[in-house]
C-alpha cells in the first residue's frame, strides 16, 4: 500500500518540507499508519499517514526502507543518542528528548524530568508504537508517563488519557536548573509539566542585577526564580491562581523570600501599573501563543505589540526588556518589527542586547520553518 500525492504535494516533499495536506493526496490507504509516498512512480518519502485529518502526511525519512517501523524507531534511537551526553552530565535536569518534526519524529514529544519521561503523541500512527517508545526510553529513565490529553489528538480520532507506560510514575519531581530547583507536576502540569524550551533563556537572565523585576505570564515562576537571585524584589504575574501557588511553592523551595505573586490579567495589570507610576529595572514577557493559525496573525500582532508597549513604558532608563513569542506564525521579521513599533509608540529607543531562541534539544529544520517557533530577545531601553 502506498500514498499518491499530486504535483503540489510532491513539491513540498522534494523541498524537504515534512508535511502534505489532505487536499494534495490523490489516493492512499483507508487506515492510518506508516506508508511510502509516491508521485506517480517516483518514491518521495516514508510518512505517518492519517486520511481523516487535514494534515494527512508527515514524512520522517526520504529514502526507502524495508521496514517502515524500524526506520521510524531508528530516528528515535538517534534522537536519544544526541541527548545522551547531557543526560549523563545533568541527570537531575529537565530536557526534551524528542522534538517531533525537529528530530524527524512527527507527532511525538518526549520530555525528561530528573529521571522520568513524559510522552505526548499527537499523530495516529504513534498510538500502537508507544510500548516500543517506552522500551527505547528504558535505559535512560526510571518511569514513562503517556500524557495524551492534548485536544489536538481529537483531530486524529484518538482518545484523551494519562497513564503510565513504564515503571512507577511519581506525582511530582524536583528538577535542578542551574542554581534553581523547581517542582514539576507530571500529570496535571501544562504541556508535559513545564516549559523546557525557555530553559537556556531562564539561565541567561541570571546575569542581570537590580532592584525590581517583573515576570509577566509567569506560570509557575520560571523566570522569576532565576531573577530573584539578582534582584531585591521580583513580581510574578499570571492569571492562574494555581500556577501562582506553584510559583510560591517553588520560591520557598529555593529559600527566595523576595518573590511576590500577583493574580491578574496581564494587559489590565500593565496599564494599571503604568497609571500608578510603577517602574522596574527589568521586565520579562513570556506570553502564550496568541497566533494559533495564520488567520490569527493580525490580531496576535496587535496583542503582542500592546503588551510590549506597556512593558516598555514601565522600564526605567537603561532598563532591560526580555520578550518572547512562541508562535511560529509570528515570524522572526514580524516579531522584531512588532517590538520596534511598540518602542516607537512608547517614544523609547531600544538597543539589542541579545537575540536568542530555542535550545539545542528543540532542534530546527531549516527546510521546515514550523520547527522554528520560539523567539526570545533582550533589549536595553534608552
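Just so it is clear, glycine is given a Cβ too, placed from its N, Cα and C backbone atoms.
The domain 'PUA' annotation in Swiss-Prot covers 3-60. The helix, strand and coil residue counts that DSSP assigns across the domain 'PUA' (3-60) are 11 helix, 27 strand, 20 coil.
Here the Cβ of residue 239 (S-adenosyl-L-homocysteine binding site) has 14 other Cβ atoms within 10 Å, regardless of which shown protein chain they belong to. Taken from Swiss-Prot, the feature S-adenosyl-L-homocysteine binding site covers 202, 217, 238, 239, 265, 266, 286.
Annotated active site, nucleophile per Swiss-Prot: 326, in sequence order, evidence recorded as an author's statement. In the three-state DSSP classification, residue 326 (active site, nucleophile) falls within coil. All chains included, 19 other C-beta atoms sit within 10 angstroms of the C-beta of residue 326 (active site, nucleophile).
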Residue 217 (S-adenosyl-L-homocysteine binding site) and residue 326 (active site, nucleophile), distance between Cα atoms, whole Å:
13
Would you count the other CB atoms within 10 A of the CB of residue 202 (S-adenosyl-L-homocysteine binding site), including those on all shown protein chains?
24
Mapped DSSP class for residue 265 (S-adenosyl-L-homocysteine binding site), helix or strand or coil:
coil
